[in-house]
């Protein structure tokens, strides 16, 4: 039964991971348009400037919202014990009723595999939605295209993920809330459900207001997604902490000494996220204090948990004893010298650790850079997206680490000569190069955005007047963006080729 559960979980997790990779790839294609239109020398290639905002909206939704939530859904499916029997502790006295409940539970597990397919269809609707019209609404967190195709796609994705979360929660093992995995799964599911509570609360409040006074569509969507969008950022942070600690545990090859501390951080971030509900309780949605509450909430509480996590990780590494280092060295030497089966290629563990170290370094660097830039925000200009790009791409690279960690064990299995050509593309050096390229490009892109914002270039407007002094910075931003796109698409290519096309690597449902 346990192996069957594990097969269920791995297959389900990979389905969501595939969706995340697809959405990231599609978002990367749209980002090419954004970079070209933001680069003075290249913007003349696009005569219709409305394409910029449409591309921006689709890019944000595909490469942030759907990508990060797909990784979150993958974590739910991969790490949760999906029980194929009735709930523990429920007494069912009648045999027929017991059979019905058992059959229903099996059926629920089968239904879980429908959700990634529905989400994939929703993602395609979002990707092609610009064909239905360019009526753009550039509100924060979940920017909108006001056409039926986009709204259907976004609604389908949200409802699908909500139903999936409720199903996972139904099958959740409530007796094991003392480990990192289950706390992450439980807390992020509750946070995601609460984000829908916020969306519903905001919608109800706005419906009452528009009956009295008209509201501009951009202001409407800004308020509709403001509270729930803030809560989504805390979900991303929760997943970030989980992945950072998981990657650290992989490279240290031992149980972490500060396990309880990391659990405390996850619970702390969870409690901070729940405080978001007080914005709706304390303020009217039309009141300016409503938006300020969430801005201050993010400003003062959003970075506490990840910073504490980084402190714990640094102390963990510093306090690693010489004995542990010696054991680690012996372990790596033993894996390096182990025999390789005939006609097979095996990726050694020490190289896997090298990739994970690279991912951790790049993720932490970009996340901290985004935090430092946030200190300099004092106007509505390009400093704001510079901060957000740093933080969110730092989280995104951590999610890439989760993806690589999922794929690499498959590559460690026996891979025969017939697939050797694929391994050239999937080699460790290419993986590390993709991550470094993405990070370097993003640093250039972020710094170009930040300094352009300091010189007064406004956000969300490709036609804003660009001072001569910031032309070079905008060019740096464009070049950095293109470099980052290449790195990101390399990631999509490597992971996509492994998960979709490499024979012998599929996890079949048993």
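The backbone N, Cα and C atoms fix where each Cβ goes, and this holds for glycine too.
Marked as transmembrane segment by Swiss-Prot: 17-37 (among others).
Under the heading transmembrane segment, Swiss-Prot lists 56-76 (among others).
What Swiss-Prot lists as transmembrane segment is 111-131 (among others), and the listing cites sequence analysis.
Annotated transmembrane segment per Swiss-Prot: 148-168 (among others), in sequence order, evidence recorded as sequence analysis.
Taking Cβ pairs closer than 8 Å, the transmembrane segment (180-200) reaches residues 69, 72, 75-76, 79-80, 158, 161-162, 165-166, 168-169, 172-173, 224-225, 227-229, 231-232, 234-235, 238-239, 241-242, 245-246, 259, 262-263, 266-267, 269-270, 273-274, 276-277, 280 in its own chain, all 6 or more past its ends. Annotation comment: Swiss-Prot describes 180-200 (among others) as transmembrane segment, evidence class sequence analysis.
Here the transmembrane segment (223-243) has Cβ contacts under 8 Å with residues 65, 68-69, 71-72, 75, 139-142, 180-181, 184, 187-188, 191-192, 194-196, 198-199, 201-203, 206, 262, 265-266, 269-270, 272-273, 276, 279-280, 285-286, 290-291, 294, 297-298, 302, 305-306, 309, 363, 367, 392, 394-395, 398-399, 401-402 of the same chain, all six or more residues outside its ends. Annotation comment: Swiss-Prot describes 223-243 (among others) as transmembrane segment.
Residues of the same chain lying 6 or more positions beyond the ends of the transmembrane segment (261-281) and with a Cβ under 8 Å from any Cβ of it are 178-180, 183-184, 187, 190-191, 194, 197-198, 201-202, 205, 227, 230-231, 234-235, 237-238, 241-242, 245, 290, 293-294, 297, 301-302, 304-305, 308-309, 312. As annotated by Swiss-Prot, transmembrane segment applies to 261-281 (among others).
The transmembrane segment annotation in Swiss-Prot covers 300-320 (among others) and is backed by sequence analysis.
Residues or ranges marked as transmembrane segment in Swiss-Prot (evidence: sequence analysis): 355-375 (among others). Counting same-chain residues at least six beyond the ends of the transmembrane segment (355-375), those with a Cβ under 8 angstroms from any Cβ of the stretch are 240, 244, 247-248, 250-251, 299, 303, 306, 310, 383, 386-395, 397-398, 400-401, 404-405, 408, 428, 431-432, 435-436, 438-439, 442-443, 446, 450.
For the transmembrane segment (382-402), the residues of the chain that approach it from at least six positions outside its boundaries are 20, 24, 63-64, 67-68, 71, 74-75, 236-237, 239-240, 243-244, 246-247, 356, 359-360, 362-371, 373-374, 376, 435, 438-439, 442, 445-447, 449-450, 452-454, 457-459, 484, 491, judged by C-beta separation under 8 angstroms. Sequence annotations record features per position, and here Swiss-Prot assigns transmembrane segment to 382-402 (among others) based on sequence analysis.
The feature transmembrane segment is assigned by Swiss-Prot to 434-454 (among others), with sequence analysis given as support. Within the same chain, residues 355, 358-359, 362, 365-366, 369-370, 373, 376, 379, 381-387, 389-390, 393, 397, 400, 466, 470, 473-488, 490-491, 494 sit at least 6 positions outside the transmembrane segment (434-454) and bring their C-beta atoms closer than 8 Å to a C-beta of that stretch.
The transmembrane segment annotation in Swiss-Prot covers 472-492 (among others).
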The transmembrane segment (111-131) and the transmembrane segment (472-492) contact flag, 3+ Cβ pairs under 8 angstroms
no
Checking distant contacts: for the transmembrane segment (17-37), what same-chain residues at least six beyond its ends satisfy Cβ-Cβ under 8 A?
43, 45-46, 49, 51-52, 55-56, 58-64, 66-68, 70-71, 74, 116, 119-120, 123, 127, 396, 399, 403, 406, 462, 477-478, 481-482, 485, 488-489, 491-492, 495-496, 499-500
